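Visitor: This is the structure I have questions about; it appears just below.
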Amino acid sequence: MKKQRNLRSMAAQAVEQVVEQGQSLSNILPPLQQKVSDKDKALLQELCFGVLRTLSQLDWLINKLMARPMTGKQRTVHYLIMVGLYQLLYTRIPPHAALAETVEGAVAIKRPQLKGLINGVLRQFQRQQDELLAEFNASDARYLHPSWLLKRLQKAYPEQWQSIVEANNQRPPMWLRVNRTHHSRDSWLALLDEAGMKGFPHADYPDAVQLETPAPVHALPGFEEGWVTVQDASAQGCMTWLAPQNGEHILDLCAAPGGKTTHILEVAPEAQVLAVDIDEQRLSRVYDNLKRLGMKATVKQGDGRYPSQWCGEQQFDRILLDAPCSATGVIRRHPDIKWLRRDRDIPELAQLQSEILDAIWPHLKSGGTLVYATCSVLPEENSLQIKAFLQRTADAELCETGTPEQPGKQNLPGAEEGDGFFYAKLIKK
């Protein structure tokens, strides 16, 4: 039996690591969840994701409720109060229980002398809640985004930025990809129905299913057998443009965690696929996905800027470049992105993308297809990136995705329930 732990203090420390130390929640959370019971795992995840999603609101409220901020070794208490406020605002946890557990969290973080302070701040919020929220809802903080990102979205999407922000602040739907080598989508939906769950097919992407209610993967029919994979609909859209064929040599660059590698092999089981990623740790997930789906591909660790180091002079029929990016299209799935990214990251990422494009283009055969994809919504990483590449690359031609003046296809977050995603299909003349 697992030791009873204070979930509020665990959530506070996790959020502090994201905001103060720049760590990714996807790295921090799984080890913490191993320390708690199954029933507490979901609540711990809800507290971490929820606080990060609404961080600017919770920060704003604390600044109104406290005369001075908590600093130094007491900084964790700031995040513990955030966890308390989040419960009072956004969960069905009875207020008395939320207060008691949050106050008790001070003991777990070795700050028992501050129990009275935490209790006082949360009770003050309860008394002033209506007037505080009215003031908050009249401020720019209500958009729950850092100001630098808000400015970029307003500039890029003067008509749509509010709907993008709204979508980013929602909980994401759960999308699945049915493995067509095992089942048709309709036959798998029938199995889902038999299991007491409901799903809906995507209108454009032939393997995509949206669950009516998110479910643990072990509850999905045939998950362990490789019949189905968790993957957002927009990410599945890459195959529409790549159109892999049996017998071709295909490069999946920046491949981890392997969702698109395995999708290529579902569409073209006889393709020769090379999956490359710079992050050796994340490559283990590519191996895991290939094993679960019973597929084979060549997997290598390598830097996309130096392809000769990992493929020599080899050329490919098709290349999928899922470029490193700001991930501003998947904020609803990873709310920590809002607080991990900085404005200065964008030109640095655009430069990296440009270098990878230039380096990998010679490794595409004449007549071959390169699909450039990102999970970003920022033009510097997307349409402007491809426009500049077309201008400096004489044998590159845009195909089916946009115009030379406005190249690529941009999916915005929440459109058809998918994530924000960009695709550009390029043909080598």
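Glycine too: its Cβ is placed from the backbone N, Cα and C atoms.
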Visitor: Looking at the S-adenosyl-L-methionine binding annotation from Swiss-Prot, with CYS254, ALA255, ALA256, PRO257, GLY258, GLY259, LYS260, ASP277, ASP303 already listed, which candidate in ASP232, ASP322 is the matching residue?
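Guide: Within the candidate list, Swiss-Prot flags ASP322.
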Visitor: Sequence gap of 6 or more, C-beta under 8 Å: which same-chain residues meet both conditions with respect to CYS375 (active site, nucleophile)?
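Guide: When sequence neighbours closer than 6 are ignored, CYS375 (active site, nucleophile) has SER234, ALA235, CYS325, ALA327, THR328, GLY329, VAL330, ASP419, GLY420, PHE421, PHE422 within Cβ distance under 8 Å.
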Visitor: Can you check what DSSP calls CYS375 (active site, nucleophile), collapsed to helix, strand or coil?
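Guide: It is coil.
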Visitor: Across all chains shown, how many C-beta atoms besides its own are within 10 angstroms of the C-beta of CYS254 (S-adenosyl-L-methionine binding site)?
Guide: 22
Visitor: Which residues of the same chain, at least 6 positions away in sequence, have a Cβ lying under 8 Å from the Cβ of ASP303 (S-adenosyl-L-methionine binding site)?
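Guide: Residues satisfying the criterion: ILE278, GLN309.
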Visitor: Long-range same-chain neighbours of GLY258 (S-adenosyl-L-methionine binding site), Cβ under 8 Å, sequence gap at least 6?
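Guide: Residues satisfying the criterion: ALA275, ARG285, VAL286, TYR287, ASP288, ASN289, LEU290.
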